[in-house]
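Per TrEMBL, the feature signal peptide maps to 1-21. Feature annotation from TrEMBL assigns transmembrane segment to 232-254, 298-325, 331-352, 364-386, 398-425, 456-478, 490-516, 523-546, 566-592.
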Amino acid sequence: KNYLGSAVVVLLLTLLMHTEGVKKYKTGDQVILYVNKVGPYHNPQETYHYYTLPVCRPKEVRHKSLSLGEVLDGDRMAESLYDIRFRENVERQTLCQLALSEAEVEELREAIEELYYFEFVLDDIPIWGFVGYMEESGFLPHSHKVGLWTHLDFNIEYNGDAVIFANVSVKDVKPVPLDGGAGAFPVAGATGGLTVTHTYSVRWFESPLPHERRAERLRDYSFFPKTLEIHWLSIINSLVLVVLLLGFVIIILMRVLKNDFARYNVEEDGTCDDLDQADNGWKIIHTDVFRFPPYKSLLCAVLGVGAQFLTLATGIIIMALLGMFNVHRHGAINSAAIALYALTSCVSGYCSCRFYTQIQGKRWVWNIILTSSLFSAPLFLTWSVVNSVHWWSGSTQALPATTVLLLLAVWALVGFPLAVIGGIVGKNGAESFQAPCRTRNIARQIPPQPWYKHTAVHMAIGGFLPFSAISVELYYIFATVWGRESYTLYGILLCVFAILLSVGACISVALTYFLLSGEDYRWWWRSVLSTASTGLFIFIYSVFYYRNRSSMSGIVQSVEFFGYSLLTALVFSFMLGTVSFWASLTFIRYIYRSIKMD
């Protein structure tokens, strides 16, 4: 227990590493500028350490101590040669002089042609800029110009003794050509190799913005594109869909049920075990509708993991609304996700084992193991492939061995034990399954079903409607995770999340009624699969986004994108499958309690 408690404390400390207060400076104090990473502009997850390029670097590279979230985000911060002093302007200070070989010039040329950008960090403020300049014009004659930025202007804003904002500019600078001197750039260097002098300027500007509001300044900065103007269209579209669905379920379905109740309760003198041959529809299967399904353990594991991710997603959104994921806290959301996934493992163990015991499952130990590995096993397999590709390419997204061991320790010392504890509590606290009707020993034969009641049709309908409710908002999520957006509208995200779950529950209830009205009592797995297929639509959308909405390319970015898109689709399937199952179970209990049966 002591080890478990210590691990939980360490995990929470890791999460809260970036909650320190304001960094205060005096005039002339050094403000450390960290170099971080470079990579292709259109491949956000393909990043390399800044010092892998032939650039100015200190003799001894000293790295900054990073949090778990920063490491997971691909950050590898190291001290730079830039000497920046608080509120002291610098003009044309020489950083270093480099004699580049022909191979290094070619390396820089390739990086510039792939639109490499760099990221520096100053007082937790990210600073972005492009490594060089490329211009292509004309067809005949065709001109291709590639130039390297060798001078950077740092513009830093301050308020009192605190840094508010920083950016880098090359507005009044001419690039050094790397294309053999052809074109409009001045020739600098001989054929093959090249000698360049890197310089920088620092200019300080007073800002009226207080330190506690400096995140607003960064959000307003436009190095990356801003396209968050039509969020309300997404909300209105989703709300209309929810209203229509709720109207369908409440008005139409309840009207049909009212007629069913009136018909079934007219001449009811038998008991629940009496089978009236004159009946048809969902009442005639009352002795089979609560017959427990096959693959009980897998069903309960899906419900347990779904409940865990519902808790996790709600927790992440609430933490975001509370401002815990400030844009200056690098990787904070990654740390929070790791911590919450481990701590909510007790939810999955409890929900899975409790329901497994209720439906008379016997192998509860196997159920806990299956629940713990149902998502963690695909996650580890996907991560292994993605991390191997990053390691092979030399990307900073490849996790160090110490980080891998830390994550494994978090799962082994916190996640799995909490799942076991939750499972034991759920097993011991489980009451009997509440079924309004007794189930007969011999199953009733199911009549042939029309094509529109088959599983594939229900999955198509039940998956498309929830997907359509979030399709617009999904673009912004993808643009944030796989693009250059900075997502801040978490209140809207919470609304869309609630809308998604509501649509999933409504459509599941409707499809379950249609299934039972055809005298088919195999609703258990059908209710899960009907809306879990939303994950399939999300993955199809990810393929569309990759091909038509992004400029991503290359094996490194592609493997990560499709690997984690599959995991995202799986998470949505677990969440929606869980919501739709419990909605269907509640609905079925309600209708069978509402007809007169003894």
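From the backbone N, Cα and C atoms, a Cβ is placed for every residue, glycine too.
Tallying C-beta pairs under 8 angstroms between the transmembrane segment (298-325) and each of 232-254, 331-352, 456-478, 490-516, 566-592 places 331-352 first. With a cut-off of 8 Å on Cβ pairs spaced 6 or more residues apart, the transmembrane segment (490-516) and the transmembrane segment (398-425) reach fewer than 3 such pairs and are scored as not touching. Long-range neighbours of the transmembrane segment (566-592) within the same chain, counting only residues 6 or more positions beyond its ends whose Cβ lies under 8 Å from a Cβ of the stretch, are 257, 260, 282, 286, 289-290, 302-303, 305-307, 309-310, 313, 375, 378-379, 382, 434-437, 462, 466, 500-501, 504-509, 512-513, 516, 523-524, 527-536, 538-539, 542. Sequence-distant contacts of the transmembrane segment (398-425), counting only residues of its own chain at least 6 positions beyond either end whose CB sits under 8 Å from a CB of the stretch, comprise 3-4, 7-8, 11, 68, 71-72, 338, 341-343, 345-353, 364, 367-368, 371-372, 376, 387, 390-391.
Proximity of distant same-chain residues to the transmembrane segment (364-386), defined by a Cβ-Cβ separation under 8 Å and at least 6 residues beyond the stretch ends, is recorded for 297-298, 300-302, 304-305, 309, 345, 348-349, 352-353, 356-357, 397, 411, 415-416, 419-420, 423, 427, 559-560, 563-564, 566-567, 570-571, 574. Beyond the ends of the transmembrane segment (331-352), by six or more residues, the same chain brings 8, 11-12, 14-15, 17-18, 66-73, 75, 300-301, 303-305, 307-308, 311-312, 315-316, 319-320, 324-325, 367-368, 371-372, 407, 410-411, 414-416, 418-426 to within a C-beta distance below 8 angstroms of the stretch.
Same-chain residues lying 6+ beyond the ends of the transmembrane segment (523-546) with a Cβ under 8 Å from its Cβ atoms: 289, 292-295, 299, 302-303, 455, 458-464, 466-467, 471, 474-475, 478, 482, 504, 507-508, 511-512, 515-516, 552, 558, 561-562, 565-566, 568-574, 576-581, 583-585, 588.
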